[in-house]
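S.K.: I am attaching a structure below and will ask some questions about it afterwards.
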């Protein structure tokens, strides 16, 4: 199995974790009766960080689906000038993969911070704990955040593979200069 197929499989794992995170958060809600008359429903829309995380996970999962299609449907061993055909694409994939990892990590971190405030509250700001009232909701959000961090770890590995595929095209002896024609044959076999 070549490196592009392995990248595709890792992207499939990332898609599973991202979709699982989005679904666990998006479909999670719990309704409680407060003061025996007021019905209050907790959902991911109550915390802006969770709302943003769901949409970022959906966007990155969609990008990963497109990349999986590239990995499995576009042949990688076609004869042609690999330097001119692919190095610009690999730069694009590298930057998009980096942006995906950092965006998902930032959204996960913001969501976990907001969830921690919901878990313990902040007395000086008069923010109450809400997880003592909505325990099932908070436990499910915690599971979703764990799946999200698993997705981040998989995306870090995918991003590393993307960087490897880009920088293997460059000469180790000359700064940012593509390898010569004589060394291109081994690139077609990878």
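The backbone N, Cα and C atoms fix where each Cβ goes, and this holds for glycine too.
Curation does not apply to TrEMBL; its annotations are automatic.
So TrEMBL says this about it:
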TRANSMEM  9-27  transmembrane segment
DOMAIN    9-153  domain 'Casparian strip membrane protein'
TRANSMEM  47-69  transmembrane segment
TRANSMEM  90-119  transmembrane segment
TRANSMEM  139-164  transmembrane segment
S.K.: So, taking each listed stretch (9-27, 90-119, 139-164) in turn and counting its Cβ pairs to the transmembrane segment (47-69) that are under 8 angstroms, which one gives the highest count?
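M.R.: Counting Cβ pairs under 8 Å, the winner is 90-119.
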S.K.: Which sequence-distant residues neighbour the transmembrane segment (90-119)? Criterion: at least 6 residues beyond either end, Cβ under 8 Å.
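M.R.: For the transmembrane segment (90-119), the sequence-distant neighbours (Cβ-Cβ under 8 Å, at least 6 residues beyond its ends) are 18, 47-50, 52-53, 56-57, 60, 63-64, 67, 127, 129-131, 138, 141-142, 145, 148-149, 151-152, 155-156, 158-159, 162-163, 165-166, 169.
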S.K.: Which sequence positions outside the transmembrane segment (139-164), separated from its termini by at least 6 residues, show Cβ-Cβ distances below 8 Å to it?
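M.R.: Cβ under 8 Å, 6 or more out: 3, 6-7, 10-11, 13-14, 17-18, 20-21, 24-25, 28, 44, 50, 53, 57, 60, 90, 93-94, 97-98, 100-101, 104-105, 108, 111-112, 115.
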